[in-house]
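Feature annotations, reproduced from Swiss-Prot:
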- 146-202: ATP binding site (BINDING)
- GLU275, ASN277: Mg(2+) binding site (BINDING)
- 120-304: domain 'ATP-grasp' (DOMAIN)
Amino acid sequence: MKFLFVVDPIKNINPLKDSSAALMQASSKKKIEVWICTPQDLEARGDEVWASSWRAEVCPWVSFKENKCIPLAEFNCIWMRKDPPVNEGYLYATHLLEVAERKGVKVINKPSSLRAWNEKLGALRYSHLMAPTIVASKVKDLINFAQINHDVVVKPLGGKGGQGVIRLTKDSPGIKAMIELITSQEQLPVMMQKFIPEVKEGDKRIIIVNGEPIGSINRIPQGGDFRSNLAMGGKAEKTNLTAKEKKICTELSQHFKDEGLFFVGIDVINEMLSEINVTSPTGLREIETLSNKSVSDKVIEKLLEII
């Protein structure tokens, strides 16, 4: 059995922190051949897509064994694990992967759903589970929302890991200029949400695999920052799901399965949905460290049940 992981350049992956590394190692333990490429290594020849890929040994970490150009149809599963931004290169890669999908290859996550589910906008499908939210580019609309809700968080729609996220109040000096800047002079929409003060107690990342929540961590902001993202210095703590959080997972899970979203990370603050991460969800390493359980092994086992 062969798995292909479409990832960022391997030198950018920290094997001690990265969920892609955890999934590669779990695959290898199951005697699955692990092959690695970047989106730039994909090419179409007629109706066949190929990958200039490297076969890798990944225990404890990557050592490359051979480089071959292989038709994607030869792989049992392809993991699209390229980190955001979801730019033109990313989108084109999903179209190429879709060719392989039509030939019967399992692609995680489904390419068309990767295109359809912006990680900020996707959550709007479940707005009743969220804090008050607006997505807009007009300064007057965003300022009006801030005045109504007093304390807000502004998120660029294409960001990741807390990058570019700012907090404003209705009385923030220069609020108009700041919104003009983040919307590129009203050319780009942004998400603005009512600030949830309980974020100081944590922002939960919940990993959902084939519709089942299999692990979670609570991320605590550090050093006076309101952002709890691990990439921004947030501290991971062990956690359990509340009854309401389990209900949120249940409501979302069947939709994820229907959309071919096998591996998803959702973020929940004070029992309210914040974001839905489908491109390259993280958190496996931290969950495993805190729970002393190999969650990555369970991910691969659940995948093998459906391919």
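Glycine is treated like the rest: Cβ placed from N, Cα and C.
Annotated pair GLY202 (ATP binding site) and ASN277 (Mg(2+) binding site), C-alpha to C-alpha distance, rounded: 17 Å.
Non-local contacts of GLY162 (ATP binding site) by the CB criterion (under 8 A, 6+ apart in sequence, same chain) comprise ARG227, SER228, ASN229, ALA231, MET232. For the binding-site residues shown (GLU186, GLU275), fewest C-beta neighbours within 10 angstroms: GLU186.
Here LYS194 (ATP binding site) comes close to ALA131, PRO132, THR133, ASN149, ASP151, VAL152, VAL153: these same-chain residues lie at least six apart in sequence, with C-beta atoms under 8 angstroms from its C-beta. Secondary structure from DSSP puts VAL154 (ATP binding site) in a beta strand. Ranked by how many other Cβ atoms sit within 10 Å of their Cβ, the binding-site residues ALA146, VAL154, MET178 place MET178 at the bottom. Annotation note: ALA146 (ATP binding site) sits in a helical segment as assigned by DSSP. Long-range Cβ contacts of LYS170 (ATP binding site) within its own chain (separation 6+, distance under 8 Å): ILE143, ALA146, GLN147, ASN149, HIS150, ASP151. Distance noted between the C-alpha atoms of ASN277 (Mg(2+) binding site) and GLU186 (ATP binding site) is 26 Å.
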